[in-house]
Amino acid sequence: GPTLLDLRCQTQSSLSQITWVFFSQQFCLLLGSCLGGGFGKRSLRLAQSLLALFASSLAISLVFAIIPLCHNVLVLAVVMAVAGLAMGCIDTISNMQLVKIYQKDSAIFLQALHFFVGFGALLSPLIADPFLSDTNCILANGTANASSNLPHIRKSLLPHHPGNLSRYDLPMKGMVVTRVSYAFWIMALINLPVPIAVFFLLYKERMVPCFNGSSHPLLPADELALETRPGDKDELSSAGHRPHPAAGHEDLFSCCQSKNFRGVSFTYFAVHITGALVLFMTDGIVGEYSGFVYSYAVEEPLAVVHKVAGYLPSLFWGFITLGRLISIPVSYRMKPATMVFINVVGVLITFLLLLIFSSSVVFLFVGTASLGLFLSSTFPSMLAYTEDILQYRGCATTVLVTGAGIGEMVLQLLVGSIIHDRGSYSFLVCGMIFGCLAFTFYALLVFFHRMYPKPSPELDEASPEKAAVPEDTGQYQR
């Protein structure tokens, strides 16, 4: 986000054109999330998932290294689309594999995973900030007004939503003066240890074709399933010889095949849909609030100065990261359903108080921090809760990740249009409506959970009594 203006200078494009570049990344991130579900099929082993993670994380480093060399806006859009595909695959595969490996214990690991997601979102703008242009990065005559408002323009830009920035005269021709290349090269180097670490895991697991020597496996099969109880060890050894009543995790397109719908109750679909709708709303709130809270603060009646308002998105992401860190030990003691309930109720109450004290700058900062805390653990808790309802045999991970991605993209565009037509106060009204809808869909999910058929002890190896035994244990054995 912060690099948008410098990339506009690098490609000598307009504000509208450069925001389409980031929209293409968001769209392909959503597409990559759908495709990433294909690596959760039971026919695909852990090796394929690790190889996909290796290729995707390596692609991100390569893309970040190439971005400074893109001087055409269309080329940049294609490169960013590739990055979006890779990020989407990583998102789905990492969530899905944690759920498959750890099952009922996955909530703790999902909270840890999403803590690092928030930490990265907080850290990357800080890395980019020293290399952003303080003045207009295309030198031309008559740009003093735009240069003086550059920080305001930078914080008001969103993917495919330039807003009311057309009044600023930003030149498209002239001498380009920008150092943003260094920010991307630093990020490429920082990311490089990730594919190296995944390759090391592949090597230790003897999954690299050319290097399958005598190294000891890093993750024995019984450790992948966490600690099995003494009575479950025999089940682990014989699980591979038993028929499995349902298909495993699949990509979004495979999930929609009619063969997967035979013999399932309507509550099976209802759990998937309501779970996805909760994340559609909550992740949509994350996207729209982080994107528009600055614009809301600088408008009347608050009229916060640009520099002070610029701290609001950072405060929001900072408390999301803090909340996810706190949620790691909390999820060990508290059920995912309870955590989601606290989250959605907290979001509702926070938006209600923000509406009541809409003229208070102090409470805007307090409410922003509170909203970040309550939204922080919604995604991993909802994922753990929904997978638990479905006994880890549905398409929940793929459907929920896709629903969250669509919500973040669609609601951001929707709120941007509403603010443009109705004014800045509608920003909080939209958030309140989305919060109410999230609570409603959560209540429906709890209702359908009550109706969902309980697992049969003699048919379901993944029942609560045998939760430590993975459904497809053979995937993790060599």
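Cβ atoms are placed via backbone N, Cα and C, with glycine included.
Copied over from TrEMBL, here are the features:
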TRANSMEM  20-39  transmembrane segment
TRANSMEM  46-67  transmembrane segment
TRANSMEM  73-94  transmembrane segment
TRANSMEM  106-127  transmembrane segment
TRANSMEM  182-203  transmembrane segment
TRANSMEM  266-286  transmembrane segment
TRANSMEM  308-326  transmembrane segment
TRANSMEM  338-357  transmembrane segment
TRANSMEM  363-385  transmembrane segment
TRANSMEM  397-419  transmembrane segment
TRANSMEM  425-448  transmembrane segment
REGION    456-478  region 'Disordered'
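Between the transmembrane segment (73-94) and the transmembrane segment (182-203) there are fewer than 3 Cβ pairs closer than 8 Å, counting only residues 6 or more apart in sequence, so the two stretches are not in contact. When Cβ-Cβ distances under 8 Å to the transmembrane segment (338-357) are tallied for each of 106-127, 266-286, 308-326, 425-448, the top count falls to 425-448. Stretch with the largest number of CB pairs closer than 8 A to the transmembrane segment (46-67), among 106-127, 182-203, 308-326, 363-385: 182-203. Tallying C-beta pairs under 8 angstroms between the transmembrane segment (266-286) and each of 106-127, 182-203, 308-326, 363-385, 425-448 places 425-448 first. In terms of C-beta pairs under 8 Å, the stretch of 182-203, 308-326, 397-419 lying closest in packing to the transmembrane segment (106-127) is 308-326. Taking residue pairs at least 6 apart in sequence, the transmembrane segment (363-385) and the transmembrane segment (308-326) share three or more C-beta contacts under 8 angstroms. Residues 267, 270-271, 274-275, 277-278, 281-282, 284-285, 288-289, 292-293, 295-296, 337, 340-341, 344-345, 347-348, 351-352, 354-355, 358, 385-386, 411, 414-415, 418-419 of the same chain sit 6 or more residues outside the transmembrane segment (425-448) yet have a Cβ under 8 Å from a Cβ within it.
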